[in-house]
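**Student:** Structure in structure tokens, see below.
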Amino acid sequence: MMNCITDFFTYETTKSVVVKSWTIGIINRVVQLLIITYFIGWVFVHEKAYQVRDTAIESSVMTKVKGFGVYNDRIMDVADYVTPTQGASVFCIITKLITTENQIQSSCPESELKFQCKSDDSCKDMIERQKPGGNGLMTGKCVPFNATLKTCEIKGWCPAEIDSIKMNPMMEVENFTIFIKNSIRFPLFNFTKGNFLPTITSDYIKKCNFNPVSDRYCPIFKVGDVLKFAHQNFSTLANKGGVIGIKIGWVCDLDKSEDECNPSYSFTRLDAVSEKNSVSPGYNFRYAKYYKMENGTEYRTLLKAYAIRFDVLVNGNAGKFDMIPTLINMVAAFTSVGVGTVLCDIILLNFLKGADQYKAKKFEEVSEVQVDKSTSYFNGMYRSRDHSQTSIKHDEKQSSDSGAFSMGQYG
Ligand SMILES: *[C@@H]1O[C@H](CO)[C@@H](O)[C@H](O)[C@H]1NC(C)=O
């Protein structure tokens, strides 16, 4: 019983072999220096490992578009061309509209060429083969569309929309401005800030336009500029529609002054897939306005809108000094210095002149007799095993000044 206790209250320390060799000495120090430089330069200074990070940024975005355009001899204002109207972080500016007026519920010929027919039979055939599409439910009849052309008849909103007509987009959109109000909060540090920096005055806001060099913090963006920064062509986008991302990045070091926590804006096209393929290019959607006649019959105006959609995306993180990550990373740094010994051991025991002598010094062979005599020097761990073997190779568990790396594999 007493033996057990005294065996338990012992301290094990490793025996080191000091090698006085210039070659291995220099390699050892150089490797250690590299590891220390990496930790100080990259991990601590560049990656700021001494800070705790908050990546769960909370944010609110409000937007407002301004400008007047001319389309179809009509002056268009914000209520006409921005949808949805709430001024959220995602909004569309309509650049082109295809209008089909006075539609009522009835039967009429299809307007698309792919529904061309010769007889009722070909229309019935089409019902079986076609995927859902067209402008209404097919009745299976073939009716004249105009003097020369016959198409299948549909039941639905008539007359059917003809969306192949060429329309010019509203070019004034290029000069419209987007105003973005963004507030953010880092909940971990309870830090709040907005993209209206204290330096911004109302006089400045009235005349500024965002520019990455001269007006980096102006919250007003010209549509044409945004597209230019996203490397897009305005007239292509206005014709086909598309989705543009306005990214607001907040990367803040809260150990520094609050004034240094500023937004950075960047712009990209988000619907890269529609940019490249021709199957579904651009962005468009349909909506309708409903009316009622005196006699109660409902009619509507169908609008097919080509729009540039803007998504305001906010991301960011903030860091602040904290004891826990500092300690963890310092411990990691100190233990990593020991990794150098692995490399040095490989060189020392395999490639250096006199490797055999080093090996002999490093791995002491102890015979059975000796073990019996010196049992008391080892603690309980080895005892039972030693007796069953004729000789043991006593591997040092650690080979140098730091680190805890078993060298058994070289024995
Ligand atoms: C946009 O504004 C510029 C300068 O104010 C003007 O020269 C240009 O004609 C405008 N573009 C359109 C499409 O109205």
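The backbone N, Cα and C atoms fix where each Cβ goes, and this holds for glycine too.
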**Student:** For the ATP site that TrEMBL assigns to LYS64, VAL65, LYS66, THR177, ASN284, PHE285, ARG286, which of the candidates LYS150, LYS155, LYS256, LYS304 is also assigned?
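**Tutor:** Only hit among LYS150, LYS155, LYS256, LYS304 in TrEMBL's ATP site, alongside LYS64, VAL65, LYS66, THR177, ASN284, PHE285, ARG286: LYS304.
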**Student:** In TrEMBL's disulfide listing, CYS123 is paired with one of CYS92, CYS152. Which one?
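**Tutor:** That would be CYS152, the partner TrEMBL lists for CYS123.
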**Student:** CYS108, CYS142: which one closes the disulfide with CYS117 in TrEMBL?
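**Tutor:** If we follow TrEMBL, the cysteine bonded to CYS117 turns out to be CYS142.
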**Student:** Would you kindly give the Cα-Cα distance separating CYS142 (disulfide bond) and ASN284 (ATP binding site), rounded to the nearest Å?
**Tutor:** 30
**Student:** What is the one among the disulfide-bonded residues CYS158, CYS208 whose Cβ has the most other Cβ atoms less than or equal to 10 Å away?
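**Tutor:** Its Cβ has the most other Cβ atoms within 10 Å: CYS158.
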**Student:** From LYS64, VAL65, CYS152, ASN175, PHE285, which recorded positions have a C-beta atom under 6 Å away from some atom of ligand 1?
**Tutor:** ASN175
**Student:** Sequence gap of 6 or more, C-beta under 8 Å: which same-chain residues meet both conditions with respect to THR177 (ATP binding site)?
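**Tutor:** The list for THR177 (ATP binding site) reads VAL65, LYS66, GLY67, ASN209, ILE220, PHE221, LYS222, VAL223, given in order along the sequence.
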**Student:** Under a three-state reduction of DSSP output, how is ASN175 (N-linked glycosylation site) classified: helix, strand, or coil?
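**Tutor:** Where ASN175 (N-linked glycosylation site) sits, the three-state DSSP reduction gives helix.
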**Student:** Considering all pairs of residues in LYS64, VAL65, LYS66, THR177, ASN284, PHE285, ARG286, LYS304, annotated in the record as contacting ATP, what is the maximal C-alpha distance expressed in whole angstrom?
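**Tutor:** Across LYS64, VAL65, LYS66, THR177, ASN284, PHE285, ARG286, LYS304, the two farthest Cα atoms sit 25 Å apart.
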**Student:** When you rank CYS108, CYS142, CYS208, CYS218, CYS252 by Cα distance to ARG286 (ATP binding site), which of the disulfide-bonded residues ends up on top as the closest?
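**Tutor:** Comparing Cα positions, the closest of these disulfide-bonded residues turns out to be CYS108.
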